[in-house]
Amino acid sequence: MLLDKNAIHETHYDVLNVKEDASYDEIRASYRSAVLSLHPDKLLKTSDASSSNQTTGDRFLKVQKAWEVLGDSSSRLFYDNELRSSRRDVSAVDVAEDLSLDDMMAEDDGEALELFYQCRCGDYFSIDSLELQKMGYFLLRDESRISILNDDSLPGSVILPCGSCSLKARLVINMDEH
């Protein structure tokens, strides 16, 4: 997943729930499974025509788009090159500060734990536990300390844009600190 302007963007690989080095057959199998479970005809059979069906319909369209790109070898190659390029752009972003989890203030709004750090302009760099969870990081909070868990225990970082100005901060996630 890529972070850009406070939004986390799923890659086509994320949509199909496959690794980036997955074979054509693996991608095709995941696509077929997803399309069968999300197909609009299946939704008509459910009695609830609520917003969850709209969300499922949107998901179906994402799966279709991901397959269009990843199912064709030339478009997949182009997509992979664009993905690598965008990751280089994100990692090469000029940041005003490198932050650790200990630098961040935390606020629990009941639904998620929000981490924030004041920018020199007066606004804040922020990210919440739900956004981090989408990236595979899980926040834990005891009385005085916040720690982070990740399945692979690899360090990582997230670029956090300021809410008002053009400055960015890098939240460095070091798995050795928990």
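FYI, residue positions are counted from 1 along the chain as it appears here.
Placed from the backbone N, Cα and C atoms, the Cβ positions cover glycine too.
What TrEMBL records for this protein:
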DOMAIN    11-83  domain 'J'
DOMAIN    95-174  domain 'DPH-type MB'
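In terms of DSSP helix, strand and coil, the domain 'DPH-type MB' (95-174) has 9 helix, 41 strand, 30 coil. For the domain 'DPH-type MB' (95-174), the model's average pLDDT works out to 83. The DSSP breakdown of the domain 'J' (11-83) into helical (H, G, I), extended (E, B) and coil residues amounts to 56 helix, 0 strand, 17 coil.
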